[in-house]
Structures are given as structure tokens and as C-alpha cells.
Amino acid sequence: MVTSMIKRIALALTTALMAALMTAPAMAQSAKARATAKVDLDARFKEAQTNLKLADDLYKVGRKVAAVCANCHGDGGNSTKPSIPNLAGQNPAYLLEQLRQFADGRRRNEFMEGMIRAMDSDEKIGMVLFYAAQDVTHKPAANAALATKGQEYFEKTCFRCHGNGGRGNEQIARIAGQQPDYLRLTLKRYRDGAGVRANSIMTPNTKLMTDADIEAVVAYVSSMP
Ligand code: HEC
Ligand code: HEC
């Protein structure tokens, strides 16, 4: 059963890769299917928070799903590719919301949309429980002077929402220790209104950032423990 699950997700990976290569348009789900999926996910996530046995079972499912995700997101969600985000230590409710956004088109990424179509609700809940429980590998700043500049910027604005330690909360991403290229790309996309993440509160919050501000903040944030 587990083998077939991994096969199904691995197949989705191949399909997503092929779709991206052929730039095929992503299949749109019906509005009704989306609405149902949302209710099911919320209810199941809540259930897992109060039922320890269920949480434990789903965690094990999540650990198996993560074997497929590791191709890109690294073992235990510590990505080894600077442009692909860590999932380790991320808030589970934030992760779940991102899966939902990839599924309903508010957030666009062809690989991820394909992956998520292949996952059922227990695999999604299990995956977020698994990744939230993994530790982020600390990477010291390569350029300490630049990181100090970034810290000043962070402590003027970013800390208000992401917290002093950059750990976020249910609605706000953990950014501490995140991959530098991913941070840079994501901040520029928000600032420039690239439209891959709909209606983000980050757009007004990055509007005034220069490329130099972004470089400094990336140096600091990616080195936060
Ligand atoms: C082919 C590579 C690839 C694979 C395999 C893959 N991902 Fe991703 N994933 C990405 C990329 C690239 C992004 C960043 C998308 C963007 O730029 O917004 C991403 C983003 C995410 C995010 C959002 C993270 C954030 O910080 O907002 C989540 C959650 C996620 N992936 C979960 C998964 C899960 C679960 C699996 C396995 C079932 C998986 N991914 C497999 C490439 C991959
Ligand atoms: C008003 C609150 C607020 C402020 C201020 C803020 N953020 Fe955010 N940030 C969010 C929220 C909410 C998200 C969740 C995703 C979204 O809405 O796009 C987020 C997401 C992000 C992400 C994407 C994380 C991921 O895993 O994909 C990055 C990177 C980020 N913020 C960096 C920053 C930096 C750097 C600053 C300071 C310049 C900052 N944020 C200021 C609220 C805020």
C-alpha cells in the first residue's frame, strides 16, 4: 500500500516534470472539488491536533511521502539546492495553507501543482506534521558585515510579523535559515508583483526594498538559527 502511494507520487513527479517541459497548461479543478478539499483538510488537521494516535499515524505517512519530496527539498526538509525552500521547521498550518494555494491556483508552480494533485488529505496532513518536527540545519553567514546590515533592516520591519527569531506563526512563514536564492527570488517576486502568489501582504512590505536591501536581508535571514 505504501509502495503504491510512493509510486503514485513519483509518477506525479514525472508527469509534473514533463508538463513543465512541454509548458502544458495545468488542469483546473472544479470549484466544488476545491471547496470540499478545504473543509476536509481543516477538519482532519484539527482532529490530528487533538488525537495523538492519529497524529502519530499521519506523521509516519508523512515521513514516507517526504522520501519523494527529498529529491528537491532535501532529507528531512533541509534543502541542498539554494533555490528550493527548506520545509524543515516550518509552521504546519502555514505549510498546509501553501498546499491549498498551489491546489487552487492562488500560488503558481507547475512542479508543485502536479505533486499536490497526487496527494490525498492524510498524506498532506502527515507531510506537514513531519516537516514541522524537523530541525533546520544552521548555516553561518558567508559575509558577516552584509548580514549585520541585513539584521538592521530586519529589526526595522520584518520582525513585526515574522518575529524576532524569524520563526513566524500559523499564517506567517518561518524564514529563519531559509535558502538564500529562494529568499532572494521570492522577495523580488513579491516586490515586482510577479503574480505567482496572490494578494500577499508581502507585496506592500517589499515595495520600498532596493536590490541592496534584499541582498543584506537575505544574508541575515538565511543565517538565522
Ligand atoms: C521537482 C522539484 C520538487 C519536488 C519533487 C517537490 N517540490 Fe515542493 N517546491 C519546489 C519548488 C521549486 C518550490 C518553490 C516554489 C516557488 O518558487 O514558489 C517548492 C515549494 C514547496 C512548498 C512551499 C514552501 C514555502 O516555503 O512556501 C511546499 C509546502 C512544498 N514545496 C511541498 C512539497 C512536498 C510535500 C513535496 C513532495 C510530495 C514536494 N514539495 C516536492 C520543488 C519541488
Ligand atoms: C505585515 C506582516 C509582514 C511583514 C512586515 C513582513 N512579512 Fe514576510 N510574510 C508575511 C506573511 C503573512 C507571509 C506568508 C505568505 C504570503 O502571504 O505570501 C510572508 C511570507 C514571507 C516570505 C516567503 C516565505 C516562504 O517560505 O515562501 C518571505 C521570504 C518573507 N515573508 C520575508 C520577509 C522579509 C524579509 C520581511 C521584511 C523586509 C518581511 N517578510 C516582512 C507577513 C509579513
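Note: Cβ is positioned from N, Cα and C throughout, glycine not excepted.
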Which of M5, M112 shares the heme c 1 site with C69, C72, H73 per TrEMBL?
M112
Considering the heme c 2 binding residues C158, C161, H162 given in TrEMBL, which of M119, M202 is annotated for that site as well?
M202
Neighbours of C69, C72, H73, M112 excl. site residues, C-beta within 8 Å of centre, heme c 1:
A70, N71, I84, L87, F111, M115
Give me the Cα-Cα distance between C158 (heme c 2 binding site) and C72 (heme c 1 binding site), rounded to a whole Å.
27
Closest to H162 (heme c 2 binding site): which of the binding-site residues C69, C72, H73, M112, going by Cα position?
H73
Out of the binding-site residues I have (C69, C72, M112, C158, C161, M202), which ones have their Cβ sitting under 6 Å from ligand 1?
C69, C72, M112
